[in-house]
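A short worksheet on the structure shown next.
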Amino acid sequence: MPELTAPAAQDVAPATEGLTVALLGGGTVGSQVARILTEDAAVLHDRVGAPLTLGGIAVRTLDAERDWQADPARYTRDAEALVDGADIVVELMGGIEPARSLILRALEAGTAVVTGNKALLAAHGAELYEAASRSGAQLSFEASVAGAIPILRPLRDSLSGDTVHRVMGIANGTTNFILDRMDAEGASFEEALAEAQRLGYAEADPTADVGGLDAAAKAAILATLAFGSAYTLDQVSVEGITGITAEDNAAAADAGYVVKLLAIAERGTAEDGTQGAVLRVHPTLIPREHPLASVRGAFNAVFVEAENAGELMFYGPGAGGAPTASAVMGDVVAIAQRIVRGGPARLRTPVAALPALDPAEARTSSLVVLRVADQPGVLRRVAAVFEQHAVSIETLRQVRDDDAEIPGASLRLITHRARQRDLDAVVADLTALDAVHEVASVLRVEGN
Ligand SMILES: NC(=O)C1=CN([C@@H]2O[C@H](COP(=O)(O)OP(=O)(O)OC[C@H]3O[C@@H](n4cnc5c(N)ncnc54)[C@H](O)[C@@H]3O)[C@@H](O)[C@H]2O)C=CC1
Ligand SMILES: N[C@@H](CC=O)C(=O)O
Ligand code: NA
């Protein structure tokens, strides 16, 4: 198992000292990391136990337009100087060089590194893990697989007492977005790809996405965490989505399937009995009712099958600036806590105490079933009660109740989100109405 987070006693600094974060790359993800470091500085300070200072942002073009603009003085083209002055290096440049040399420079100096660079990890992971292990520096890369979804840390930590047999999922947001747009809206491949690029999902060179190489790099990283060897991109069989036509989608739909690009890493046995890992990425037909079929847009989902845990599913935004920055910042905070406190903070101290509110303040939508007299004016009186308490009705259905003891009708109302306290008042007033025989049920609705 590669040493992904080496305990580093020599890293323990006095809790009062600040930590300098060097950001290599200020593009889609980097600009969101800079934003979080700046806007959430107080919260981060509290969680880490020391301030995190943005030492600078290494970029290719100093005056490029960005999703979030830091203080112009923070931008530099001298990435090496930034690395040398940092406590934590966050690499979000992408590509192999100079990212590889800069990360090695940091690790060899004992400086912790966070990266989202799956292409680099799948090509040179072993070299980076060894460098980290030699110096005792920490190397974390949750953002490199499935964007915001915590998947690497669960594989490494939560499942470390189990045996993982298979990891399978949708691990590339761009291709899922394209396939979804083609399937659901009849968009052309080119239109859908252009939109994915505009939304910040695609790689700088999107052929890595559509050709399956990005998902393949993720399959190699997932396998590394699941099975404990440093797998590489060239060990993954890869087929992308460029060959998928509108006709393929139509044929799949006709047979009750959707087309998804899956990344699969599983234990296998070769013909000669050798035990190993089989890694593959290819377009796959999934039955429409399968949970993976409902993963839409740039969302990702990863299934993990483990000996004792059984089947687990991890789901969430797989690409995009802010979601990916969330995963980066999770790694930064974990590393910073380890440097400052020698381990994770025991209790995440809230910055401002957040009191527990009366549950009657909850805002939910509800299904209310009323048994009412079937006579003129009942609907108006019922609606007036909802209006009086500012609870708005989303849908209303009336059903005849011919078989009931007291003949009448059932009203089934679904409300928009409203405060529980107001809904309780509605129910109390409805119960008191002559025309209402009974409030038969009140059920909360979520997820609509
Ligand atoms: N965009 C996304 O949704 C996700 C991206 N990632 C990974 O995060 C990394 C960054 O991705 P994005 O922010 O989308 O890329 P991007 O292309 O938007 O930004 C790259 C940044 O790095 C800088 N840069 C590139 N080469 C440089 C060099 N030689 N010297 C100085 N600066 C240089 C650029 O000026 C730019 O600021 C990549 O490794 C990518 O695979 C990971 C998960 C999701
Ligand atoms: N280009 C990638 C970005 C996240 O890893 C994707 O589309 O999934
Ligand atoms: Na992730």
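Just so it is clear, glycine is given a Cβ too, placed from its N, Cα and C backbone atoms.
Nobody curates TrEMBL annotations by hand; they come from automatic prediction.
Database features, via TrEMBL:
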BINDING   L24, G25, G26, G27, T28, V29, G30, S31  NADP(+) binding site
BINDING   K118  NADPH binding site
BINDING   E203  L-homoserine binding site
ACT_SITE  K218  active site, proton donor
Filtering G27, T28, G30, S31, K218 (recorded positions) by proximity to ligand 2: which pass a Cβ cutoff of under 6 Å to any of its atoms? none
Starting from the Cα of the residue listed as 'L-homoserine binding site', work out which of the binding-site residues (L24, G26, G27, V29, K118) are within 10 Å. none
Across K118, K218, listed as recorded positions, the smallest other-CB tally within 10 A is for K118
Between the C-alpha atoms of G30 (NADP(+) binding site) and K118 (NADPH binding site), the distance in angstrom, to the nearest integer, is 15
Binding-site residues compared (G25, G26, G27, G30) - the one with the fewest other Cβ atoms within 10 Å: G27
Could you work out which of the binding-site residues (L24, V29, S31, E203) has its C-beta surrounded by the smallest number of other C-beta atoms within 10 A? E203
Within the chain of T28 (NADP(+) binding site), which residues six or more apart in sequence place their C-beta under 8 angstroms from its C-beta? D67, G200, G320, G321, T324
For NADP(+), what surrounds L24, G25, G26, G27, T28, V29, G30, S31 with a Cβ no more than 8 Å from their Cβ centroid? L23, Q32, V33, A34, I57, V59, L92, M93
